[in-house]
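Participant: Here it is, the structure in full.
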Amino acid sequence: MRKTKIVVPIMLTELAELEKVSVSDYRTADIVEWRADFLSADEILEMAPKFFEKFKESKILFTLRTVREGGNIQVSEKKYLQILKEILTYNPAYIDVEFFTHGPSFAALKDFRDKMVLSYHNFDEVPSDLTNRLIKMHEEGTAFVKVAVMPERECDVLDLLQITRDMTLEYGDHFISMAMGDLGRLSRISGYLTGSCWTFASLENSSAPGQISLKETEYILDILEK
């Protein structure tokens, strides 16, 4: 059995697209991520009951990735919180919360920490204070802590792998990390070494640069983790 869980994103751009999605295509995914930021706020709330009904047999991670962290939606703090609160009424397995961008929303949702993937995304670099950021996020006691960063050199990828390993050994196996882009692909399949417990794989369109397909990810992890 693989140790690393595979998360497969769904990125819908209009309400009608949901009907065309085949649930069976996602049957081997451990977790289905609804990347809702390709819709408007109103469309998200309209689609939610249909989405959760369609994927009622799946573990769902709800993600509203904002422009500031590399996503496609720009909303106020109030609207961000409103959407997450509404989504929580459908009892998703997990919700992504952008800790450094939407701290007030995190504070308002602390009762749901057991469902939270507390996240930080940096599409420009691997910040020098990444370890401190990870520790700060870990101290909030959420289910998982996730970071995705952009390497500029090979050593940036190796640094991320080492930081992830150090954090896992010190604080436990609830960290998710990845270096984006082609340069960072190794980080997506090395969880068995670093302790990163989830990886994100694409079915069709990737949700982040450097993402590997579901079929390829399954094949590689089956070799590395058996």
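From the backbone N, Cα and C atoms, a Cβ is placed for every residue, glycine too.
Dumping what Swiss-Prot says about this protein:
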- Glu33, Trp34, Arg35, Arg65, Arg188, Ser207, Gln211: 3-dehydroquinate binding site (BINDING)
- His121: active site, proton donor/acceptor (ACT_SITE)
- Lys146: active site, schiff-base intermediate with substrate (ACT_SITE)
Participant: So for Glu33 (3-dehydroquinate binding site), how many other CB atoms are inside 10 Å of its CB?
Facilitator: 23
Participant: Where Arg35 (3-dehydroquinate binding site) and the residue listed as 'active site, proton donor/acceptor' are concerned, what is their Cα separation in Å, rounded?
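Facilitator: That separation, Cα to Cα, works out to 14 Å.
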Participant: Using a Cβ cut-off under 8 Å and a sequence separation of 6 or more, which residues in the same chain sit near Gln211 (3-dehydroquinate binding site)?
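Facilitator: Once residues fewer than 6 apart are set aside, Gln211 (3-dehydroquinate binding site) is near Arg188, Phe200, Ala201, Ser202.
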Participant: Do you see any of the recorded positions Glu33, Arg65, His121 whose C-alpha is within 10 Å of Lys146 (active site, schiff-base intermediate with substrate), and which ones?
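Facilitator: Cα within 10 Å of Lys146 (active site, schiff-base intermediate with substrate): His121.
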Participant: Relative to the Cα of His121 (active site, proton donor/acceptor), which of the binding-site residues Glu33, Trp34, Arg65 has the closest Cα?
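Facilitator: Considering only the listed binding-site residues, the nearest one is Arg65.
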